[in-house]
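Features of the protein shown, as given by TrEMBL:
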{"type": "DOMAIN", "residues": "B:3-182", "note": "domain 'Electron transfer flavoprotein alpha/beta-subunit N-terminal'"}
{"type": "BINDING", "residues": "B:202, B:227-228, B:241-245, B:258-265, B:279", "note": "FAD binding site"}
Ligand SMILES: Cc1cc2nc3c(=O)[nH]c(=O)nc-3n(C[C@H](O)[C@H](O)[C@H](O)COP(=O)(O)OP(=O)(O)OC[C@H]3O[C@@H](n4cnc5c(N)ncnc54)[C@H](O)[C@@H]3O)c2cc1C
């Protein structure tokens, strides 16, 4: 089966992002950018499906400015076969990303689409579910186990109380949770090979999608700062402080 | 203006998150109805009718909604949503699963994890693991919102006597089937609603050692949480993960044991009222957010703490 994987370029997870002083947006000057960790898990899952003989071709797609080709190349180095960049100016909202991905689905007709459950910049956790609605497909969100079972997909999901297992008809949309797999590192030869793999560039117009705007960023600000605390000497002092100062235990 | 709150429930009773969502809905200042979709969910619908300030309860009671399959429930909500200006649900895994699908069906944005309602169309929400708070304004006629439960004190569960109206719409998308569910059973309070939470990290070394936290949790009436590292290592199940991509907690007291304090963990607990950190590394970043830090080996500190409570 053909598998489509969506990857997003985001601030590296080790970076502590700050608001700009004027509060108009976050400060991303000279900040390290990476593939969103959940997207990396999505790519890894697709590659494992290919290694298991289930997936026949893996197409990695990213939506954004030219720089996101770097993350497509990362996916290609990890084992995706070819890439598609849908070129947009700056970031677009999850609903638009979902519409663009729907456009790519219509062109590519994959049997399975794997996305990260959330990107660690906007923390929205929306795109996969929106795409599933637009494509009228089953969704297996927050997946920790994915098994192809004939013409269906068995997905175990991480939910608030524990785990839930669903059977989905194909084609289907999966969004990855942390425990789905542990992504591999790309080897140097594979990074070199990835540079030669095909990468097509499309515009929203090519996909018949209008880039609409539903939300305006009014301002950004730092969260309420916590007052610096103290170090206690020992357990006795800790218990005393909790009882008599913070008054949080009886 | 009118708001539809999507109830979270197990058919028998409402989950506490519904009351947090209700509180956020009240902040929107419009008339409020509640949708209870489930199978054999009349008891949950009655509970929803008892919430103060509810206009009416819409009860869609059908086998197709029994397991909250997103494909079915989203079609129902999108249909029922027609007369409403706002559709509000808690940002639980269930809300996160269904609401974006509803928004896409309605061709509107979804606003995730709202922590404050500034006005009828303007909301605050954390981004970048809570390192930044964004204020966003929606231009959609219908607003589909999930709310961070810890940011809204629960609305009172009683004081109302709304009517319950049956919704007959049956949407079976035929795309997915429920197979099974493993729900952790515990006598302890629910993690996201507990007044005290004690969490263990990689420093706990194995699942067996979490027993040391259980003894303390029993004495304090606390829930037990964990860092991602502890869950990934298989010490404890996934539903205990606190953080950016796990559960968000804001108890009166949070005790972090053998947790370094990565930004992704802090994102899930730094709104706790009092934070205690027990860590043997004097420089662990967790101490930067802790009100009380104890630099100690947890294997000696925990038994001592338990005996002194
Ligand atoms: C996409 C993404 C999402 C993530 N989401 C989350 C999330 O939701 N929640 C989360 O928690 N993490 C999350 N993480 C992981 C996060 O970055 C950290 O790796 C993780 O929180 C570390 O867990 P830890 O503090 O238990 O382990 P470590 O960082 O290894 O810290 C262990 C601590 O234990 C202390 N210790 C060891 N032995 C003892 C002892 N005997 N006595 C006292 N102290 C001791 C050490 O000094 C150390 O500080 C995420 C990461 C990514 C990339």
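From the backbone N, Cα and C atoms, a Cβ is placed for every residue, glycine too.
Automatic, uncurated: that is what TrEMBL annotation is.
Averaged across the domain 'Electron transfer flavoprotein alpha/beta-subunit N-terminal' (B:3-182), pLDDT in this predicted model comes to 97. Considering other CB atoms within 10 Å as the measure, the emptiest surroundings among the binding-site residues B:241, B:244 are those of B:244. Summary: among the binding-site residues (B:259, B:262), the fewest other C-beta atoms within 10 A of the C-beta are counted at B:262. Figure note: comparing Cβ neighbours within 10 Å for the binding-site residues B:202, B:265, the maximum is reached by B:265. Proximity to chain A (CB-CB distance below 8 Å) holds for none of the binding-site residues B:202, B:262, B:265. DSSP assigns residue B:265 (FAD binding site) to a helix in the three-state reduction.
In this structure, residue B:241 (FAD binding site) is part of a beta strand by DSSP.
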